[in-house]
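Annotation comment: Swiss-Prot describes E351 as active site, proton donor. Feature annotation from Swiss-Prot assigns active site to H382, K511.
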Amino acid sequence: MGVETSSAWQALQLHSDSGMGSIHLSKLFQDTNRQDDYSLELSDVYVDFSKNRITQETVQLLIELAEQQKLPKEIHRLMTGEHVNDTEDRPALHTALRALGKDVSGGAETVQPEIEQVLQKMELMTKKIRSGHWRGYSGKPITDVVNIGVGGSDLGPLMITHSLQTISSPINLHFISSIDGTQTSNLLRGLKQETTLFILASKSFTTIDTLSNAETAKDWLKECISDERVIFSQHFIGVSTKPDKMQEWGIPPENQLMFWDWVGGRYSLWSAIGFPIALKIGMDGFRELLQGAHEMDQHFATADLKKNIPVILALIDIWNINFLNIHDKAILPYDARLRYLPAYLEQLVMESNGKSVARSGESVPYKTCPVLWGEVGPNAQHAFYQLLHQGTQAVMCDFIAPVERDDFDANSHTERDESLRHQHELALANCFAQSRVLMLGDNAIPSDLKASFDSPFKHYPGNQPSNTILIKTISAKTLGMLVAMYEHKTYVESVIWEINPFDQWGVELGKLIAKETYNAIKDKPLADSFDSSTKGLIDRVVK
């Protein structure tokens, strides 16, 4: 029997059916202390979850569900390196990557020497490249580094480096991920072979998307370099769990950075996959990123469930999804530097929890992962906020914003800095206003304007739940805390739903069939198993 038949689940269902499922947020906000009672803070991260259809009774019932599912035990199992990835019989030790040798035990402690060894090699390579001592075939220093990867080998480093774009760096960073070659072709036209270095990042070192782009990059280098040994020794670095495959492709051991099978791709930015981050902000900055994540890890491992930020955020989403029937979630950062955060979280959340089979092997009869999407908030206001405010879909939202900006002098009164300060305040005002209108609907309309909204086409139902997450500023530390918070939130949800968040079998079949389809496109006989649609599409391509 699954969690849906348990006493804690049934109690929540009864709670929803008895009125909480239909109560309007405007009624809950008649309590003037509500915001204080439904917010949590850890260091530079503040979470306001008051704009959810919950009461103290709801929270208590959710905590009882977590305790019934043995959440404290499962947190301990994750943090100490037990095999929580049961379908692949592995631990998920991404938290060990950012422990920096402290506050760990069990399997997480055992792997610390290996982790530190890789960090030291990363530091040496980072210093060599950033200082201009890593040189290309002509003797000129490397000026441009291109990360070739996809999924976890791309999204994490891309998101973090874009978020920290205001930090100056001696290296120009670029990212290639798409298999179609357009990114590669467009980028290479603007680079010079003699000053370009490629990072080839792939956990398995068999990912066709990555290897096809790498082959194109190698062919581009061959236009100027006749000696392949020079290409691989001076213009390629490999990051993988497979040193033999890296060497087979041509990358020498001294240019290899290792990580391990117990690091999931979507949890790998803390490993050598984060090498581009170190190139952008230096190893001190990279360790600050790890430290921020570790601070959230310690909070997650030790805080009481009711005061535990990832736990509370996860349980609220469980409430919204399974008891209020809300199956969409929007991530809305109010700073353009966080542009890639929604895409990063799409992979983290949906590849982890987009499952319909429990750990037992049985199909689950309840909803699991929501469809997650998002955009930079100010841009989204002019795109899909119409749906959020007046559509037929119920949508949960996470509003995310920095309280302060660090890309101008806060004490300066130059016209430029005053303008930037004004823009930042406008962004925050829009962030807070949008969450308020989503919550209150028509009740947010000022009394002196109500007459002008007296039309069915100007009706705002409100009652859309949201969280507002404020970080002090966008820094390596706060990004580490923010990403770790979402990682742990995702894990908590998987524990409640009794699914494994650390495998991704759903992506394998498509890759397998793509190989068969590629052979057909290359003018080989069509497989009898092809359907008429696929046959017709191939025919249109190969004619």
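Glycine is treated like the rest: Cβ placed from N, Cα and C.
On the structure: features taken from Swiss-Prot.
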residue : record                    : DSSP class
E351    : active site, proton donor : helix
H382    : active site               : coil
K511    : active site               : helix
Whole-number Å value for how far E351 (active site, proton donor) lies from H382 (active site) (Cα to Cα): 29
Neighbour count (Cβ, 10 Å) for H382 (active site): 9
Integer Cα-Cα distance in angstrom, K511 (active site) to E351 (active site, proton donor): 15
Of E351, K511 (the active-site residues), the residue whose Cβ has the fewest other Cβ atoms within 10 Å: K511
